[in-house]
């Protein structure tokens, strides 16, 4: 059973890198995405991007480094029970109150926030070069009509990425999954 899970996870990992390579080729770059010793993507010179994969799905996004964008992308499968059981691990009491009143099903809103915070980490880690937890950012707002979310740092990560720094995100709810993008 474990061997099948490992093979499946490896296939998703490769699919995300294949998607990134296709995007790079479409943009005129002949490079590919390597993997660092800490397992983060290493992008070809002049490019940045983000990868995500889960349960048979893979996704990638790229941007030229000089575009001013540092994208982070995440895909998560919906599991209402897990969201309810783990909400306190990635949201504060105030965030949970905001989500309960936002107009979405509570578990869906939780998944959006979980995924958006994952996307934020993927967007910022290449710059800040340090691990930070879910508590490092909070929901500034969520707009269900525009499918957008604003995350705000609750602590400084670097001299440039200060407490209060805001990041705009988008989300897509599709079948039994959520995709988020921070750029």
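Each residue's number is its place along the chain shown, starting with 1.
The backbone N, Cα and C atoms fix where each Cβ goes, and this holds for glycine too.
Listed in TrEMBL:
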DOMAIN    3-63  domain '4'-phosphopantetheinyl transferase N-terminal'
BINDING   9, 17, 52, 53, 74, 118, 122  CoA binding site
DOMAIN    72-156  domain '4'-phosphopantetheinyl transferase'
BINDING   74, 75, 76  Mg(2+) binding site
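Shown here: features listed in TrEMBL, placed on the structure.
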| residue | record | DSSP class |
| --- | --- | --- |
| 9 | CoA binding site | helix |
| 17 | CoA binding site | helix |
| 52 | CoA binding site | strand |
| 74 | CoA binding site | strand |
| 118 | CoA binding site | helix |
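Sitting within 8 Å of the Cβ centre of 74, 75, 76, and not among those site residues for Mg(2+), are the Cβ atoms of 52, 54, 59, 73, 77, 115, 118, 119, 177, 178, 179, 180. Its Cβ placed at the centre, residue 53 (CoA binding site) has 20 other Cβ atoms within 10 Å. The Cβ neighbour count for residue 52 (CoA binding site), using a 10 Å radius and every protein chain shown, is 24. Around the Cβ of residue 9 (CoA binding site), the same chain contributes 53, each under 8 angstroms and 6 or more positions distant in sequence. Here the binding-site residues are 17, 122, and the one ringed by the most other CB atoms within 10 angstroms is 122. Residue 76 (Mg(2+) binding site) and residue 52 (CoA binding site) have their C-alpha atoms 9 Å apart, to the nearest angstrom.
Residue counts for the domain '4'-phosphopantetheinyl transferase N-terminal' (3-63) under DSSP, helix first, then strand, then coil, are 24 helix, 19 strand, 18 coil. Residue 52 (CoA binding site) and residue 75 (Mg(2+) binding site) have their C-alpha atoms 6 Å apart, to the nearest angstrom. Across the domain '4'-phosphopantetheinyl transferase N-terminal' (3-63), the prediction's mean pLDDT works out to 91.
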